[in-house]
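A.B. asks: Structure in structure tokens, see below.
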């Protein structure tokens with residue numbers, strides 16, 4: 001902890017030729033908000049900026065100012081190579097920590113080394129470094145502390161029983177050594193108590209082991225369920241930007257593989273780690289009572305082994321992290337291929353997908369084998385060291401027995417106890433690799449739990465239903481996707497959707513039409529300008545209310561869930577009655593084909609609705625959008641992927657659904673938007689021209705050119721795109 005709080009310019013060691021560099025006091029951001037700039041977690045310097053929550057004291061600022069004045073006039077030596085963290089970092093933290101804390105308790109919140117700073121404000125979620133979050137871990141562990149405490153007590157009891165067993169075995173050996181065959185009766189009498197005592201200890205040990213393993217399973221499984229639930233909830237609450245940047249396979253991997261890995265490590269730490277540590281400590285006490293000289297041999301060898309393990313740990317931890325990330329990438333490739341298997345089959349790309357997945361698996365194998373070699377090296381060295389310890393014990397212990405300084409029974413007890421120590425430390429060495437993987441997995445899980453979305457799911461005001469008109473205004477909106485910040489999709493975009501009217505957006509692909517719909521749904525916030533509903537900024541409204549009750553969205557490729565038709569329609573309004581579902585289906589022209597199925601509304605549609613035709617899926621999507629009675633309806637290429645007959649049926653449903661609602665239609669087929677109250681032609685992220693169908697044809701602008709092109713391209717012959725006018729035409733639309 002001190003390393004994080006007091007890195008004040010001393011890492012990297014002293015300068016050549018200087019005894020100690022001057023301390024560089026800087027402001028310290030209490031919250032380590034990191035953002036992506038090439039590498040996640042890299043901090044940058046912002047001169048003169050202070051944390052909003054914590055400001056340095058006037059004394060600290062004066063010292064910093066004086067230091068900067070003196071530093072400017074001092075001769076400077078070249079900087080030594082910087083290591084992070086270095087030995088000087090540890091020394092400085094240890095020496096300065098108590099002193100600074102005693103002088104000013106808030107200095108730990110306002111000191112930052114020269115190379116670090118607070119980042120500027122960003123609209124993208126902050127991704128923290130992949131470090132194990134002990135605070136989050138405590139939140140999951142806290143509800144189970146009582147059960148865990150009982151399990152720990154039972155594990156400690158089992159360990160203490162194991163400590164007593166070597167002593168009793170030594171006493172039994174003493175009895176065996178004292179008597180010969182002529183003293184059978186006395187031997188049986190004296191050994192009976194020891195044997196009975198040993199049997200009782202073995203039974204108690206078995207019961208204690210059973211108890212703590214059952215309780216650990218109870219705690220571990222419940223923690224895993226809580227973690228998966230919290231992680232899934234956190235993922236669902238992330239911005240759409242987050243899902244643009246992360247593959248589904250990697251997210252699923254964290255929900256399954258990483259949580260399982262962490263749970264296994266947690267259970268092993270208690271069941272084997274705590275027990276082994278207790279046995280090592282208890283046996284060392286027993287060993288010191290039996291023979292101080294032999295115990296010193298173990299005490300000298302043990303720190304050396306721990307030092308080697310610590311040095312190897314950092315490298316193995318990094319390898320484990322890389323291995324898990326590679327597994328997630330492989331799962332992402334598999335998920336993508338299997339999720340789009342129809343497209344893969346249509347293009348006969350099975351071989352290519354196999355090669356892609358095979359390449360990722362090969363990378364997984366290489367990293368896993370490298371990690372395995374590292375763990376094997378560690379365990380091999382540990383076994384060699386432990387066996388050498390046993391050999392040394394036999395050699396020195398035998399000489400002590402020969403010199404009458406140690407009895408045979410004590411040597412037997414020492415050997416059994418040392419074997420217990422050896423076995424426990426071997427378990428710890430095996431546990432080391434598992435703990436490394438578990439900490440890495442836990443860090444990956446907690447990393448996503450700690451993310452805070454820029455657009456919350458709820459919070460803000462709601463407009464009463466009777467006061468909601470449905471007027472939508474885009475005022476001087478500029479927007480760039482966070483994954484492509486240098487490319488503006490919308491540029492000074494201004495548009496008004498009058499209440500109860502149909503406004504159609506047309507234009508070439510890439511003009512920003514779908515982006516307009518995404519901003520209206522508030523999947524993203526504009527980088528400049530404002531989007532308003534009835535004169536209220538969308539950012540002041542409750543997003544959950546906006547999406548759940550006000551805006552209905554029907555896309556070109558509707559996504560259905562692998563459940564019944566009834567549940568798919570009810571997805572738009574969970575509390576809807578069966579009669580409301582039937583009404584929405586009739587309004588969407590879906591009731592007839594649904595009732596033609598043997599199971600009717602209880603028909604399971606299959607994954608993504610694969611058992612239904614395109615027109616049937618689209619009508620179910622319309623019913624799902626209409627069941628919540630939205631005030632604003634978005635139709636994004638809702639009929640472009642359908643055949644003529646399906647398009648006719650779906651268009652009838654859309655016309656019926658549009659009555660009395662504010663409708664935003666995005667279309668490529670211009671024939672479907674001729675009846676719109678206003679047709680807006682978009683080009684280069686701007687409104688190029690607007691008006692009714694007849695008005696735009698009379699203007700002879702871009703819309704008229706698009707109409708002519710579509711008439712010529714009816715046979716689907718290739719043709720170059722139409723030329724853009726030299727500039728947008730002035731227009732006024734009367735609602």
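Positions of Cβ are set from backbone N, Cα and C atoms, glycine also.
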A.B. asks: Which one of 688-711, 712-735 shows up in Swiss-Prot as region 'Disordered'?
C.D. replies: 712-735
A.B. asks: For residue 169 and residue 266, give whether Swiss-Prot records them on the same side of the membrane.
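C.D. replies: Different domain labels for residue 169 and residue 266.
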A.B. asks: Among 254-274, 275-295, 296-316, 317-337, where does Swiss-Prot put the label transmembrane segment?
C.D. replies: 296-316
A.B. asks: Can you tell which of the binding-site residues (507, 510, 511, 512) has the fewest other C-beta atoms within 10 angstroms of its C-beta?
C.D. replies: 510
A.B. asks: Should residue 509 (ATP binding site) be counted as helix, strand, or coil on the basis of DSSP?
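C.D. replies: Once the DSSP labels are grouped into three classes, residue 509 (ATP binding site) ends up as coil.
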A.B. asks: When a 10 Å sphere is centred on the Cβ of residue 513 (ATP binding site), how many other Cβ atoms does it contain?
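C.D. replies: Total other Cβ atoms inside 10 Å, all chains included: 23.
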A.B. asks: Using a 10 Å radius around its CB, how many other CB atoms surround residue 508 (ATP binding site)?
C.D. replies: 17
A.B. asks: Counting across all protein chains shown, how many other Cβ atoms sit within 10 Å of the Cβ of residue 509 (ATP binding site)?
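C.D. replies: By my count, 8.
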A.B. asks: In the same chain, which residues outside the set 507, 508, 509, 510, 511, 512, 513, 514 have their CB within 8 A of the centroid of the CB atoms that define the ATP site?
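C.D. replies: Output for this site, in sequence order: 682.
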